[in-house]
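Heads up, the thing below is written out as structure tokens.
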Amino acid sequence: MGFEELLEQVGGFGPFQLRNVALLALPRVLLPLHFLLPIFLAAVPAHRCALPGAPANFSHQDVWLEAHLPREPDGTLSSCLRFAYPQALPNTTLGEERQSRGELEDEPATVPCSQGWEYDRSEFSSTIATESQWDLVCEQKGLNRAASTFFFAGVLVGAVAFGYLSDRFGRRRLLLVAYVSTLVLGLASAASVSYVMFAITRTLTGSALAGFTIIVMPLELEWLDVEHRTVAGVLSSTFWTGGMMLLALVGYLIRDWRWLLLAVTLPCAPGILSLWWVPESARWLLTQGHVKEAHRYLLHCARLNGRPVCEDSLSQEAVSKVAAGERVVRRPSYLDLFRTPRLRHISLCCVVVWFGVNFSYYGLSLDVSGLGLNVYQTQLLFGAVELPSKLLVYLSVRYAGRRLTQAGTLLGTALAFGTRLLVSSDMKSWSTVLAVMGKAFSEAAFTTAYLFTSELYPTVLRQTGMGLTALVGRLGGSLAPLAALLDGVWLSLPKLTYGGIALLAAGTALLLPETRQAQLPETIQDVERKSAPTSLQEEEMPMKQVQN
């Protein structure tokens with residue numbers, strides 16, 4: 001008897017599993033609140049050089065600015081330069097000193113802003129870009145983008161640590177570590193007195209949040225039977241969507257970056273308390289030989305699900321026999337993901353897919369400008385469009401399979417980026433439609449990737465595998481903000497890069513084995529029973545098959 005038979009006895013889907021999904025909803029909501037926070041936290045409002053001595057009379061200010069600030073090619077006043085000397089304007093007396101000295105030129109000299117900047121605070125009262133003494137604009141705008149890169153680099157490192165440690169010490173313990181660390185480091189970030197302190201604490205916060213990304217989904221799936229994995233996986237992913245829409249509301253209500261950071265961090269406190277009711281994975285406990293604790297959780301699951309318990313089939317001795325077949329005699333390592341042919345094939349393909357999913361998703365999600373809507377409306381729209389994409393994923397993975405769904409959603413993302421290259425920047429409505437379509441496809445790709453990857457790896461290496469894919473995915477997420485700086489080389493280069501990577505990931509997804517209707521593999525041997533697929537026809541994972 002294997003674990004699937006044990007789970008069938010205690011109930012593979014019922015009040016126990018639904019309570020588990022509900023208790024683990026908070027981490028899924030908190031993730032977008034932090035991951036997409038730079039949309040508001042690092043927003044750059046309209047700004048110009050500070051010009052001491054500006055006239056108090058409002059009617060004269062336009063003339064004053066015209067005399068002191070050069071214009072960009074699009075006709076707007078420069079945000080980063082000012083004239084070395086005030087310029088004489090027709091029908092004005094400004095700049096008469098230079099005119100009397102005969103210093104007027106066709107192209108007057110300009111210099112960088114030397115006395116700081118003045119910001120338009122109508123939309124944001126404070127961001128890290130406008131923070132006093134930081135001024136992350138113009139020559140320092142790279143540091144503003146780098147803040148997001150530092151954060152995702154932290155997520156990358158955290159994914160390695162949490163993936164390995166949760167396979168060794170358990171999902172529940174490491175989830176507690178993630179909660180406490182996020183709370184402490186989030187509060188420290190909000191209290192930052194310098195950019196260096198902010199960058200360090202946000203990097204460490206990203207490392208802590210990585211625990212949520214790779215622990216929550218497997219902890220849910222390992223208590224579910226095959227039939228209900230899809231619906232539960234899609235349901236739990238809707239909490240991410242809820243977090244995106246909540247971020248738009250919180251960002252609209254709180255315009256100061258420090259208070260905003262506090263608002264998205266403090267919910268970790270009730271999350272810590274909720275872990276009292278979150279069960280450890282019985283699958284993991286059995287692979288580690290913790291029979292008594294696994295037996296206790298299985299009995300609790302049976303009681304909540306209203307299942308009669310058979311003393312013979314669910315006795316501690318019976319569970320011990322299952323554990324004997326599941327127990328891991330050696331601690332897992334990342335090298336185990338590449339030791340055997342089929343697992344190596346899966347791992348390499350997942351690396352490419354996850355990099356493409358994250359790179360394109362965050363490239364699109366963090367760019368909310370140029371769509372004809374304000375930042376709050378765009379964020380709300382991006383969140384709302386994810387709901388129908390969840391329905392698309394639910395139907396597609398059930399009937400078309402995981403592999404084709406993964407490839408198709410990534411292809412849709414790539415086409416959305418490519419089509420936007422053909423649309424003029426003046427066509428705001430079309431740009432908005434294409435961006436929303438791309439967001440829907442990229443979110444669908446993200447949802448599918450979590451479900452698909454969790455089903456590909458065996459229980460003994462599931463967290464390690466999720467840690468590897470999360471690591472590479474966050475590498476893609478950390479590079480996405482920096483790729484946006486490529487617009488300095490060619491305006492269309494960022495979109496071309498995002499779309500090209502998504503297209504590569506779509507092709508790679510077709511090389512993965514199908515997992516629809518397959519039970520979760522328990523051991524490496526379960527995965528290795530069949531060679532890697534070589535055709536696009538549907539191939540099920542080589543485990544026991546169940547019918548929909």
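Quick reminder: no glycine exception, Cβ is built from N, Cα and C everywhere.
As recorded in Swiss-Prot:
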REGION    522-548  region 'Disordered'
TRANSMEM  21-41  transmembrane segment
TRANSMEM  146-166  transmembrane segment
TRANSMEM  180-200  transmembrane segment
TRANSMEM  204-224  transmembrane segment
TRANSMEM  234-254  transmembrane segment
TRANSMEM  259-279  transmembrane segment
TRANSMEM  346-366  transmembrane segment
TRANSMEM  376-397  transmembrane segment
TRANSMEM  404-423  transmembrane segment
TRANSMEM  432-452  transmembrane segment
TRANSMEM  466-486  transmembrane segment
TRANSMEM  493-513  transmembrane segment
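Cβ atoms under 8 Å from those of the transmembrane segment (493-513) belong to residues 345-346, 349-350, 352-353, 355-357, 359-360, 363-364, 367, 402-404, 406-408, 410-411, 413-418, 420-421, 442, 445, 452, 456, 476, 480, 483-484, 486-487, 530, 532-533, 536, 539-541 of the same chain, restricted to positions at least 6 beyond its ends. When each of 21-41, 234-254, 346-366, 404-423 is checked for Cβ pairs under 8 Å to the transmembrane segment (180-200), 21-41 comes out on top. Within its own chain, the transmembrane segment (432-452) is flanked in space by residues 217, 229-230, 233-234, 237, 241, 353-354, 357-358, 360-361, 364-365, 371-373, 381-382, 385-386, 388-390, 392-393, 396-397, 402-403, 405-406, 409-410, 412-413, 416-417, 419-420, 423, 469, 473, 502, 512, 515, which lie at least six positions past its ends and keep a Cβ under 8 Å from the stretch. Under the criterion of 3 or more C-beta pairs below 8 Å, with sequence separation of 6 or more, the transmembrane segment (204-224) and the transmembrane segment (376-397) do not qualify as touching, having fewer than 3 such pairs. Here the transmembrane segment (346-366) has Cβ contacts under 8 Å with residues 35-36, 38-39, 148, 152, 337-338, 382, 406, 410, 413-414, 417, 435, 438-439, 442-443, 445-446, 449, 453, 456-457, 465, 468-470, 472-477, 479-481, 483-484, 494, 497-499, 501-502, 504-506, 508-509, 511-513, 527, 532 of the same chain, all six or more residues outside its ends. Put simply, of 146-166, 259-279, 376-397, 404-423, the stretch with the most CB pairs closer than 8 A to the transmembrane segment (21-41) is 259-279.
If one looks beyond the transmembrane segment (376-397) by at least 6 residues along the same chain, the residues whose Cβ comes under 8 Å of a Cβ in the stretch are 36, 39, 230-231, 234, 237-238, 240-242, 244-245, 247-249, 251-252, 365, 368, 404-405, 408-409, 432, 436, 439-441, 443-444, 447-448, 451-452, 516.
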